[in-house]
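Q: As annotated in TrEMBL:
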- 1-35: region 'Disordered' (REGION)
- 72-96: region 'Disordered' (REGION)
- 156-259: domain 'Methyltransferase type 12' (DOMAIN)
Amino acid sequence: VIFHNRDNVEWSEEQEASARSKVQENSSQLLPQDKQEEYEVNAKRYWDDFYKIHENGFFKDRHWLFTEFPELAPNRNPGQSGDSAPGRGNKEEPNKEGLGCCENGHCSLGARAENQLNLLKGTPEICTEEGTAQKATELSQSGGDYPGSSASYRILEVGCGAGNTVFPILQTNNDPGLFVYCCDFSTAAVDLVQNNADYDSSRCFAFVHDLCNDQSPFPMPDESLDVVILIFVLSAILPEKMQGIVTRLSRLLKPGGMILLRDYGRYDLAQLRFKKGQCLSDNFYVRGDGTRVYFFTQDELDDLFTTAGLEKVQNLVDRRLQVNRGKQMTMYRVWIQCKYCRP
């Protein structure tokens, strides 16, 4: 199969109008309220099921990260393969099936995010939320000696999945002061991270965390992080809960610390492929496996971050044209990438 990718493609008015009408059509029939509540209540189970089925075989590690987010590897190992060349070319790594199992929007976050992005380019310490809560209490009583407390550069990845961002960071960033935290809603996902041969508890701390529960503690104090990473994560959350989550995460940043986000943009191919009866609310859908996804505009994300007191460093739309010449398919992908800084 021959793949052709073009970056930063401008859309014609006709394309935009066509995309808008597809979305109007697929969102004309909303799921009944009781079904919507069921997807919210059982969200954790749907994600656990996904990771139990796919484990870590569904993803490729995200080495494109360091091209887009150099903040993650300020001290690169010399001779790291693959992503040190200038420009955008090296992160293109099309997979042969196009969207693969994401046809008709039926695939889960890990699947669709990795498939779509790749088209583009120790001993477990604590594993339960109860364990993290207990640890947090112990930390506050012991005067702030928390995991990574002696580190000079701290990164938190929210929604870490099987570790496909965490492990590339640990391998690529040779800063001896680096400490990486990672959390996920899914216990199965955190188990995969903690049981990975590359998991090093002296440099990394993985924990289960429910972002939607504002009583769920973090193992680190406020104003302790240099970077928070959100990659295809915010879109999986009920829209009315997004602001509270962004505000809470922003409090963890040191002054000068940054939130880095990459997520789905409005009228992405995945949105256009949903069928009637999969829409929950405006631009928010449920997939065949029970996981959910929202499609953002730049303004919506800017509003979330600035309301949380952060300042814009970057907020861009990445529109890509992907042509599968074997299947004679043309696909338009739309992602949004943001960097927002705590003043």
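Cβ coordinates come from backbone N, Cα and C, glycine included.
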Q: As a quick check of your reading of DSSP, tell me how many residues in the region 'Disordered' (1-35) are helical, how many are strand and how many are coil.
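A: Taking the region 'Disordered' (1-35) as a whole: 17 helix, 5 strand, 13 coil.
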Q: Helix, strand, coil: count each for the residues of the domain 'Methyltransferase type 12' (156-259), based on DSSP.
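A: Taking the domain 'Methyltransferase type 12' (156-259) as a whole: 31 helix, 30 strand, 43 coil.
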Q: Over the span of the domain 'Methyltransferase type 12' (156-259), how high is the average pLDDT in this prediction?
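A: So the average pLDDT across the domain 'Methyltransferase type 12' (156-259) works out to 94.
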